[in-house]
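K.L.:
Questions regarding the structure given below will be posed in turn.
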Amino acid sequence: MLDTTKLTMVGTGSAFSKKFYNNSALVTFTNGYNLLIDCGHSVPKGLHDLGFPLESLDGILITHTHADHIGGLEEVALYNKFVLGGRKIDLLVPEPLVEPLWNDSLNGGLRYDDSRELELDDYFTVRSLKTSDCGAARTQIDENIAFTLYTTLHVSHMKSYAVGLIDRGEEKVFYSSDTVFDEYLLDYALTMFPWVFHDCQLFTGGVHASLDELLGYTRYIPEKQQNKIFLMHYGDNVEEFIGKTGRMRFAEQGREIIL
């Protein structure tokens, strides 16, 4: 049993970033379970550059089905099947996304086999996570680990979720994944969690919270709460904005944080 929960940003980049890997976090819980939050197309390379082998990964949690969050799943599935002898890891998926993840995204490259058509559970141990359209829904994974999912608005008619990570009964971190600016969700996250990792686009307008919106929000909250916010999912021009985020900080790709 480890003393602390650890989080490392595998990638911090926006969907179109060429300097940074797709936004993704590697979390090690105190029981040693290694969880990857989202697996975009460049994330397997990001894990490799961290020196973290796929053999050490225990599970992947998916927050929504955009390619910069699921595009690397096919590589992981095929690597586990053909290189690691059919090893299965957990695939933790919000319940409404289980069917579309396979039917609309993954089956085009993964359903083919010499003997029969394959399904998602031929590659992963699929674990469905509870969701709620009116608030939070918690799923206990084992005696140590639980996840709370929060419905977010990212793109119209697309299901997307933020996730709260709980280790040994303690709320550890709120991870927005992708969402437009949501003052009420931020209020809740800052009240309930010691750390908040929030997506941040560096221009106003679009399908993510903008830096201007987040700065406007933080002007009205205590500095202690501002210090809890790490910004992620940013563009390649992030250097232009260093020192212009108030008390908030840009999450650094590859840096380990003790939660």
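Cβ atoms are placed via backbone N, Cα and C, with glycine included.
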K.L.:
Of the candidates HIS41, HIS154, HIS157, which one does Swiss-Prot list alongside HIS64, HIS66 as binding Zn(2+) 2?
P.N.:
HIS154
K.L.:
Which whole-number mean pLDDT does the model give the region 'Beta-lactamase-like' (21-233)?
P.N.:
95
K.L.:
Can you tell me how far the Cα of HIS66 (Zn(2+) 2 binding site) sits from the Cα of ASP178 (Zn(2+) 1 binding site), in Å?
P.N.:
10
K.L.:
Between ASP68 (Zn(2+) 1 binding site) and HIS154 (Zn(2+) 2 binding site), how far is it from one CA atom to the other, in Å?
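P.N.:
With distance taken Cα to Cα, HIS154 (Zn(2+) 2 binding site) is 14 Å from ASP68 (Zn(2+) 1 binding site).
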K.L.:
Can you give me the Cα-Cα distance between HIS233 (Zn(2+) 1 binding site) and HIS154 (Zn(2+) 2 binding site) in Å, rounded to a whole number?
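P.N.:
Cα of HIS233 (Zn(2+) 1 binding site) to Cα of HIS154 (Zn(2+) 2 binding site) measures 13 Å after rounding.
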K.L.:
Pop the Cα-Cα gap between ASP178 (Zn(2+) 1 binding site) and HIS154 (Zn(2+) 2 binding site) into the table, whole Å please.
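P.N.:
Cα-Cα, rounded: 6 Å.
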K.L.:
Cβ neighbours within 10 Å, counted over all protein chains: which one of the binding-site residues HIS66, HIS69, HIS154, HIS233 has the most?
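P.N.:
Ranked by Cβ atoms within 10 Å, first place goes to HIS233.
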